[in-house]
Amino acid sequence: MSKLGALLIICLLLFPLTAVPMDGDQPADRPAERMQDDISFEQHPMFDATRRCCNAGFCRFGCTPCCY
């Protein structure tokens with residue numbers, strides 16, 4: 001029984017419960033903060049206003065919608 005307890009203590013020290021994301025950490029629970037961090041695609045520096053989309057090379061950097 002002491003071996004099982006020692007194993008449990010070692011596991012809790014290596015993988016604390018605080019490392020697991022809690023429900024309050026989800027971005028869906030904080031829509032105001034999520035909207036402040038969200039950049040509109042029209043305001044993205046790599047957005048092509050004449051074609052109304054981003055070149056395919058810039059899509060890797062988070063620019064959407066993509067022109068293919």
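The backbone N, Cα and C atoms fix where each Cβ goes, and this holds for glycine too.
Per Swiss-Prot, Cys54 makes its disulfide bond with Cys63 among Cys11, Cys63. For Cys67, the disulfide partner recorded in Swiss-Prot among Cys53, Cys59 is Cys53. Counted over every protein chain shown, other Cβ atoms within 10 Å are most numerous around Cys63 among the disulfide-bonded residues Cys53, Cys63. When the Cα atoms are compared, Cys54 (disulfide bond) and Cys66 (disulfide bond) turn out to be 5 Å apart. Note: the Cα of Cys59 (disulfide bond) and the Cα of Cys53 (disulfide bond) are spaced 10 Å from each other.
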